[in-house]
Amino acid sequence: MSHISPIPEILADIKAGKMVIITDAEDRENEGDLLMAAQFVTPEAINFMIKHARGLVCLPMDGEMVEKLGLPMMTQKNGAQYGTNFTVSIEAAHGITTGISAADRALTIQTAVSPTAKPEDIVQPGHIFPLRAQKGGVLVRAGHTEAGVDLAQMNGLIPASVICEIINDDGTMARMPELMKFAEEHKLKIGTIADLIEYRSRTESLLEDMGNAPVQTPWGEFQQHVYVDKLSGETHLALVKGTPAADTETLVRVHEPFSVMDFIQANPRHSWSLPKALEHIQQAESGVVILLHRTEDGASLLDRTLPKGANQAYKWDSKSYGIGAQILAGLNVKKLRVLGQPSSFTGLTGFGLEVVGFEEAEK
């Protein structure tokens, strides 16, 4: 796709203070955002975004910046489809009028991302919407929020960006054909989150591989691989049957969270129990069961056993998404046949993974 610029070119434009267009996967939001490093924002840049892109002007920031400003999350129960972490909206405490003009919004952003910014420098609510990026960036969550922080951080800039969705004249979201025309008209480069994931994956990993050894289970022998999460310090396991090959399908079960409740099989939201998944994969030529550890509090443990949970769809934890993908990529798994109900797994392209089908558990 010649209209897609390689990540080094995208990085160069970001470092030069230019805007770029960043797209996500077609099976995710399937949108393109204007994006620039926040420290270079100007009233003219904001005006261009609101005039030509027409979306919501947001301010992706890393967690430390959000905490330094004392910004609470917009809601304690995030029900957004893709888990975007909105904080409360903000305004510069001084130097603005209504807060909505391009100049006022630019000043608010400049104030918030200043290295000397303090909580008293901003007020809430306002006309700028900060977004808290996941630690680990696009290797953890394949979103525009994380891409914005990554692209700034990789250039040694302040870890914050300004983004705005691109909307067509008729109010619909701009897809790739329209984005290509937009880029050509305004002389902007287009980059993809998938390419950014692939670029970072070549030189970075969020996991430390602690080694592997055979392990006997009631369902037969597996090769146990142990990984330590560099961000959380938690330990994740992969139980591998056979030798996964890149050109053949591999049965995959990603079990998350893996906790004491699995030993008594008190997990009605998982269509495949851990024993059932291990038994099924042991009968296949190759397969992988990933056990992602995440500390659970008492409330979440009880919630697993409540009757109301039985009919609720299991919501994938975005913080674990990239971890599972990195484990699979490292095991040479490319084509996944997932043990579970059909669902959308976004952002896998950058890890070189493809879901070819699903297998639901028998009732």
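Glycine too: its Cβ is placed from the backbone N, Cα and C atoms.
Counting Cβ atoms from all protein chains shown, Glu165 (D-ribulose 5-phosphate binding site) has 19 others lying within 10 Å of its own Cβ. Under DSSP, Glu165 (D-ribulose 5-phosphate binding site) is assigned to a strand (E or B) in the three-state scheme. Taken from Swiss-Prot, the feature D-ribulose 5-phosphate binding site covers Arg28, Glu29, Asp33, Arg141, Ala142, Gly143, His144, Thr145, Glu165.
The Mg(2+) 1 binding site annotation in Swiss-Prot covers Glu29.
Swiss-Prot lists Glu29, His144 with the feature Mg(2+) 2 binding site, giving similarity to another entry as the kind of evidence.
Here Swiss-Prot flags 1-202 as region 'DHBP synthase'.
Per Swiss-Prot, the feature region 'GTP cyclohydrolase II-like' maps to 205-363.
Marked as site 'Essential for catalytic activity' by Swiss-Prot on the basis of similarity to another entry: His127 (among others). Counted within 10 Å of its Cβ, the other Cβ atoms near His127 (site 'Essential for catalytic activity') come to 17, all protein chains included.
Under the heading site 'Essential for catalytic activity', Swiss-Prot lists Glu165 (among others).
For the pair Glu165 (D-ribulose 5-phosphate binding site) and His127 (site 'Essential for catalytic activity'), the Cα-Cα distance reads 16 Å. Taking every protein chain shown into account, Asp33, Ala142, His144 are the binding-site residues, and of these the Cβ with the most other Cβ atoms within 10 Å belongs to Asp33.
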